[in-house]
Amino acid sequence: MNKVVLLCRPGFEKECAAEITDKAGQREIFGFARVKENAGYVIYECYQPDDGDKLIRELPFSSLIFARQWFVVGELLQHLPPEDRITPIVDMLQGVVEKGGELRVEVADTNESKELLKFCRKFTVPLRAALRDAGVLANYETPKRPVVHVFFIAPGCCYTGYSYSNNNSPFYMGIPRLKFPAEAPSRSTLKLEEAFHVFIPADEWDERLANGMWAVDLGACPGGWTYQLVKRNMWVYSVDNGPMAQSLMDTGQVTWLREDGFKFRPTRSNISWMVCDMVEKPAKVAALMAQWLVNGWCRETIFNLKLPMKKRYEEVSHNLAYIQAQLDEHGINAQIQARQLYHDREEVTVHVRRIWAAVGGRRDER
């Protein structure tokens, strides 16, 4: 199995391909990407037979920006007989995976695949039973074993393979299923909620998204992102010349500051979170975020970088490298992650967490 399938947002296949080619090459795993425009997936074909497994084992999935999910696969199965689609799939997976922990029968996130998705859901139950009988799947679901993927690209036409549960997306098709809260002021609220799911482990939410924290929302109007912070019982400074939703102001947790987000400077020294979703050039936003982090004005930040029409991967990489360089220059240790979320459009969402000193009095504990 020398191919890796990467699911992505339709229209961003070139960026996904450029990224995996770059990051696989850095680890001396060489190959080439097969790209079909608006297909919603990319296939990276490695030159060496075992390099597909090596890639999904060694390259951290969290380091990828444009991939929603990935898994290693073998050759394409075509012309599956309608009377028995199961046997060829079982035969393909036997000897490749033993006692997998979960089965996901998936498609790309395109309009053309929606009809196929209905079939996948029905097909999952009998296929799971057959894979358990064959020993490909364990008799019970477990997150400690590899995930078995069956990826349909057309009726009767699929790739089969696996991913490692400690280095993949935990979500079906790489998409968290979130429901829009009726009381939220705008649909952008789902971007921040998804970012929390993607960037912050579930067992750390109570500590890192805690009641009573102080937060700042730059470019807050009408309050889609502020809503997520208020929902978690934080106190929020919402910075924007535009008005905030009255429902948020009525909570008593929001202080509306009619200022330009680029000029605002916090007066508190205990701000845990700064979030920012402003329509501005990515370099300008990156510079502002670096300033907040270098000065210790917040512990963690989630922000969006709007993408240009061309060279999107290069632009994002350049801005992330700039932030990293600023942090390095000032001796600040931090974790940086970026992802094009399901609820993002022409943008990527970035999370930066300062690793604060254990010893009091350090300059990064101001």
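Keep in mind that glycine also has a Cβ here, set from the backbone N, Cα and C atoms.
Here Swiss-Prot flags Ser188, Cys221, Pro222, Gly223, Gly224, Asp240, Asp260, Asp277 as S-adenosyl-L-methionine binding site. In the three-state DSSP reading, Gly224 (S-adenosyl-L-methionine binding site) counts as helix. Annotation for Gly224 (S-adenosyl-L-methionine binding site): same-chain Cβ neighbours under 8 Å, separated by at least 6 residues, are Ala184, Pro185, Ser186, Arg187, Ser188, Thr189, Lys191, Leu192, Asp277.
Residues or ranges marked as active site, proton acceptor in Swiss-Prot (evidence: sequence analysis): Lys306. Cβ contacts within 10 Å of Lys306 (active site, proton acceptor), excluding its own Cβ and spanning all protein chains shown: 17.
Neighbour counts were taken as the number of other C-beta atoms within 10 angstroms of each residue's C-beta; across the binding-site residues Pro222, Gly223, the minimum falls on Pro222. The Cβ of Asp240 (S-adenosyl-L-methionine binding site) lies under 8 Å from the Cβ of Asp217, Leu218, Gly219, Ala220, Cys221, Trp256, Leu257, Arg258, Glu259, Gly261, each of which sits 6+ residues away along the same chain.
Within the set of binding-site residues (Asp260, Asp277), the lowest number of other Cβ atoms found within 10 Å of a Cβ is recorded at Asp260. The separation of Lys306 (active site, proton acceptor) from Gly223 (S-adenosyl-L-methionine binding site), Cα to Cα, is 19 Å.
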